[in-house]
Amino acid sequence: MAAPSSTTNVMLSISEKKTVSLDLYRPLRNYIIYNYSEREAQNLEDDLQTLKEYRSDIERAGSTDSSSSLPARRDLLQNYYKALCAVESRFPISPDQDHINSVTFTWFDAFKNKNKAAQQNIHLEKAAVLFNLGAVHSQMGLGFDRSSVEGRRQASHSFIAAAGAFAFLRDNVAMKASMGSSTTVDVSVECAGMLERLMLAQAQECVFENSIAKGNTPGVCAKISRQVGLFYEEALAALSVAPLNQHFDKAWLAHVQLKAALFYAEACYRYSLELHEKEEIAEEIARLKSGINALSEARKTSPRGAAQQLLDAMNKLEASLNLNLERAMKENDRVYLMRVPPASSLSPLPAFSLVKPMQLNDVLDASKEKMFASLVPDNSAKALSRYTEMVDDVIRTQAEKLQQGSELARVRLREMDLPDSILALDGNLSLPVALKEDVEAVQICGGPAGLAAELQQLRDLKRVNQELLVQTEEHLQKEATEDAQFRTQFGTRWTRPQSTTLTKNLLDRLNRFAANLKQAAESDARIERSVRDHAALMSILDRHPIESALPTLARPIMSLDATEDAIVGALKQSLRHLETLGAQRAGLEDMLKEMKRKDDILPKLMTSTGSHEDLFRKEIAKYDHICEEIAQNLEAQEQLLLQIQAQNEEFASIFNLEDYKASRERIYKQIEAAISKYREIKENINEGLKFYVTLQEAITNVKQQCSDFVMTRSIQCREMIEEVQRQISGLSFQDSKSSSGYVYPSVGQPQQAPRANPQLPTDTGNIPNHPRPKNPTYQPPQQPTMPGYSQTPYGSSQPPAPPYNFPGQGQPYPHPQHQQQPQQSHEYGQPAYPGWRGPYYNAPPQQPGAMPRPPYTAPSPYPHPSPHQSGYYRQ
């Protein structure tokens, strides 16, 4: 096979249009002064100067030829075009007497420089700017080095951008510019379309060159090459008819015609390589002949003037085609002996386009242009407000219809229990959203299975509190026993007050704590009993997933005509159709909002000379087709809902839907009851835990007080033993202030250290804590100074009611009420937490004078709780 041919680098770029100098600054400034104010003109001075600079730079087209200036030229043209859009919406430029009629835009034809157009409207200026933007992009594409893969990629991107500029000119401005009294062919719709095809052909040609360089398969290269030829053929077709057939130089026509033939032949050549691999020799020969004929025909019919490099590429390709044709014919004559089909019987070569015009709507969008933004004529502003109200009314009306349609569908489906019943039939069961969230919350907390661990926590806390009470009581009992022993031993010499007198308040508090624990144990038992009694009810909450507890919608046991599947299938199809209609409504609403967002008729209002009402009717008609689609959608939905209702009635009768619904509702109620009972028990357990924790702190505090009391008594005991022994041995050293015996310091006053005694006690076996400190360490504060033990030194004169007090006979144990407690001190017998009240008990307010009651108990038997009572007592 011959070596692959290579295409030529010969491509076309387009020169910019030229213009004459024009002063936009003065006419626009005068218009602002006349119609607005001198101050407004001063405020817009920067915008006027910017516009003037843009126009001056535009007039210097072609003055710099360096490729580095082309991107700056491109940016200038884009900015100037957006500025022109801002000018168009605020300055009426036309021959009208009330408009700016002193501005005339003049532009020369890019292909016939002697032709020019002059118009008193801004459309010619905008068309010329867009033409030059496409020309600059084409020049940028031609400036890249296409000997490398990256250079060809960049060149292709520039040609695509050029095609986008010419497409934007054709679709948006060319028609308006051609309607003037004076015009040129280069900005016509036909010329813009031809240039778009030409730029796409060159962009696809760059892609083809890259595909050859990358070593793509002959079949892929053939498709890309054929699309290059098609683009050139479309450009050639436009150049061959009016108004372009007499407007372009013959070299242009020759170039496009030869390129079209070259890439058709290239596609034939590449395609024949793939046919040769498949041993389809007959078609290979036909394709090679077709490519050779195309090249020969193009040489004969094309005008002269084509570049020699292009002719050399054609000759090289033709030589490769002839060489492959000769070899293929020899192989066919010697081996295959296949009949070569005529060229007319061959199918068209496949083509694959990899380029399309770049979208420049965002690049050239002037909606965010700030130039002259503050300049809005009063009459135009009022008219625009009126039109905006009309549009808002249309959108509001249609949006309400769409929302009503969606709400109607939702209500009707809910009445028919759809699509839940269909989902249940398929096994896709689901709970109501609110109920499912409640179940998930229960399962996150551990569910009914986790209650056993929490009950064990209650038992452990109760045991800890009981152990603390026992330890504290034993501590006090030990001290009382030792005091009694010494009192028996020393008789009347042992003048210290008895322990039972001093510890009365402490023992009373410990007894009250014990009573509270007893009542709490009864409440714990009721909780455990409630857990056992309702275990079966709450077990449903341990199902994972919870939907497995729901009943299933079963098919009928016996079917007479076996139409169930058809009925279900038809109903599902109708539901899918209904969902599609709903999605269409959402799309229609978005279309309405998007149309309103883009609906800017201010430029038309400012340049319009006719009736605004006529313009409004014309513009508002843009929304008619969406309104019609909305009406059709709602009508289709109504008919579909009637169909679904009939299908659902048939479905319900066959699948016994009523029994299924009743069974499902029973399960729903069971789950709700289980959740309610679980929450009640959970709340009671939590309140019990809070009670035990708080009670433990109170008992710990009293235990510390008892420890301090025992330590102080121990110190006093040792000192008194020494004094009694000195009296017995005749070694008493009493001072003048104590002549009758040992005098103990008053509670709250510092004790005096006794004098050193070198003689140790004779009997230390009965002395607790024998290694004693030098001075007593416990001094109960805030007690009045009293000599001796005239009254109880460890209790307050008016002790407040402790929070764990016993109630009267036959009374329940309500929660102690919040009361004003006296300032807390460290006196023995004072409550550890005066005024403590947990959230566990909410009993009715306590009667005046009644004692506070234990905080952890429950009434018995089980009354109905009051609205303010805790759930702990609800059974």
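Using N, Cα and C of the backbone, Cβ positions are placed for all residues, glycine too.
Predicted automatically and left uncurated, TrEMBL annotations should be read as such.
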Given ranges 453-510, 569-626, 627-684, the stretch to which TrEMBL attaches the annotation coiled coil: 627-684
- line: Among 62-115, 278-331, TrEMBL lists coiled coil at 278-331
Query: the coiled coil (34-61): which same-chain residues, six or more beyond its ends, come within Cβ distance under 8 Å?
result: 16-25, 28, 76-77, 79-80, 83, 87, 129, 132, 371-372, 374-375, 377
Message: Mean pLDDT for the coiled coil (34-61), rounded to an integer?
response: 91
